[in-house]
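**Student:** Sharing a structure with you now.
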Ligand SMILES: NC(=O)C1=CN([C@@H]2O[C@H](COP(=O)(O)OP(=O)(O)OC[C@H]3O[C@@H](n4cnc5c(N)ncnc54)[C@H](OP(=O)(O)O)[C@@H]3O)[C@@H](O)[C@H]2O)C=CC1
Ligand SMILES: Nc1nc(=O)c2c([nH]1)NC[C@@H]1CN(c3ccc(C(=O)N[C@@H](CCC(=O)O)C(=O)O)cc3)C=[N+]21
C-alpha cells in the first residue's frame, strides 16, 4: 500500500487564487492594495531566497510588497526604528521580520514591537494569547497551512488523536492549539518525551516539526495515519554527488508505505506557509479597515 500524496503546491495555488480574488475586492473597496512589508537583516543566503519568493508571491496576488534590507551588523535600535516606521505606515497591512535575526538583536523585543494587528506571522504575544483562549487574531502561517491541508483531507477532525512532535512557539505550540480547537485529542511531544515511538504510534494525525532529517521512520507510524511533515532539512545527497537536497523530519520512503496520506518535502507544507502569509495579509488589511470577514479566507 502506498499513501496518498498531499499536494501542498496545488493546495497553495488554490489558496493563492482565492487570496488574489479577496485582495482585488479589498482594492476595489478601499482604493488601494493590501501591503506586506518584509524585513531582512543580514545576508543569510536561504533567507534571501525566501524573502525574494515572498515578494514575488505578494505581487502575483495583486498586493503591494515592500522589502527592507538591513546590514548584518544593524543595531537593535535600527531594527526597532524600522518596525515603528512600518507600524505607522498606512500602506503597510502586514509586517514580517525574517527569523532568525543576528545574535546582537533581541528577537522577542523586535516581535513585541510589531503592531499586533499587522503581525501576519502571528508571533506577537497578543496573537499567541488570542489563539490560546480562542479569540480571533492572526495565526502563524505554517501551522494554519497544515490545518488547511488536514481539513481538506478529513473535513471534521473531531475526536481524532493528533500528535505534534516539536513545541516551538512558531510551529509546534500553535499547531497543537489549532488541533485542540478542532476537537482533536492532542499530544505534544518534544526532545524530553519518553518512548517517542509509542507516542507517535497513537496518532491518527501526525505533525512533525523537529528540524532533524528523517527522524521518524515509517515503522513508528500507525497504518492509515495522515502525516504532515513540516521539517525542512538540507542534507548531503547520499548518492555522494557532493550536492545537497531537502528532506523532512519524516523518513518519507518508509512512511509512504504505511501512512494513509503524507506531505512530501519539498512541495508539502512549505508552499502553504507562503500562501497563508498572503492570506493573513488580506485578513489584516480587512480588519484594519474595519471591514467584515471575507468568507473565502476562513480556514
Ligand atoms: N515548512 C515551513 O514552512 C517551515 C518549516 N520549518 C521547519 O520545521 C522544523 C522545526 O522548526 P522549529 O519549530 O522552528 O524548530 P525548533 O528548533 O524551534 O524546535 C524544534 C522542536 O523539536 C523538538 N525536538 C528536537 N529534537 C527532538 C527529538 N529527537 N525528538 C523529539 N523532539 C525533538 C525540540 O524539543 P525541545 O523543545 O525539548 O528542545 C523542539 O520543541 C525545522 O526543520 C524548520 O526548518 C519551520 C518553519 C516553517
Ligand atoms: N518571520 C518568519 N516567518 C516565517 O514564516 C519564516 C521565517 N521567519 N524564517 C524562515 C522560516 C522558513 N520558512 C519557509 C517558508 C517556505 C518554505 C518553502 O516554500 N519551501 C519549499 C522549498 C524551497 C526550496 O527549494 O528551498 C517547499 O517546501 O516546497 C520553506 C520555509 C518560513 N519561515
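Just so it is clear, glycine is given a Cβ too, placed from its N, Cα and C backbone atoms.
Predicted, not measured: the structure shown is a model, and the values here were computed from it.
Marked as NADP(+) binding site by TrEMBL: 166, 167, 168, 232. Residues or ranges marked as domain 'Tetrahydrofolate dehydrogenase/cyclohydrolase catalytic' by TrEMBL: 6-121. The domain 'Tetrahydrofolate dehydrogenase/cyclohydrolase NAD(P)-binding' annotation in TrEMBL covers 140-288.
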**Student:** Across all chains shown, how many C-beta atoms besides its own are within 10 angstroms of the C-beta of residue 168 (NADP(+) binding site)?
**Tutor:** 16
**Student:** Here are some binding-site residues: 166, 167, 232. Which one has the most Cβ atoms within 10 Å of its Cβ?
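**Tutor:** It comes out as 166.
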**Student:** Tell me whether residue 232 (NADP(+) binding site) sits in a helix, a strand or coil according to DSSP.
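**Tutor:** Reduced to three states, the DSSP call for residue 232 (NADP(+) binding site) is coil.
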**Student:** What is the biggest Cα to Cα gap, in Å, among 166, 167, 168, 232, the residues listed as binding NADP(+)?
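**Tutor:** Farthest-apart Cα atoms in 166, 167, 168, 232 are separated by 16 Å.
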**Student:** In the three-state scheme derived from DSSP, which category covers residue 168 (NADP(+) binding site)?
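**Tutor:** Looking at the DSSP assignment, residue 168 (NADP(+) binding site) belongs to neither helix nor strand, so coil.
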**Student:** Which of the binding-site residues 166, 167, 232 have a Cβ less than 6 Å from any atom of ligand 2?
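**Tutor:** Near ligand 2, sequence order: 232.
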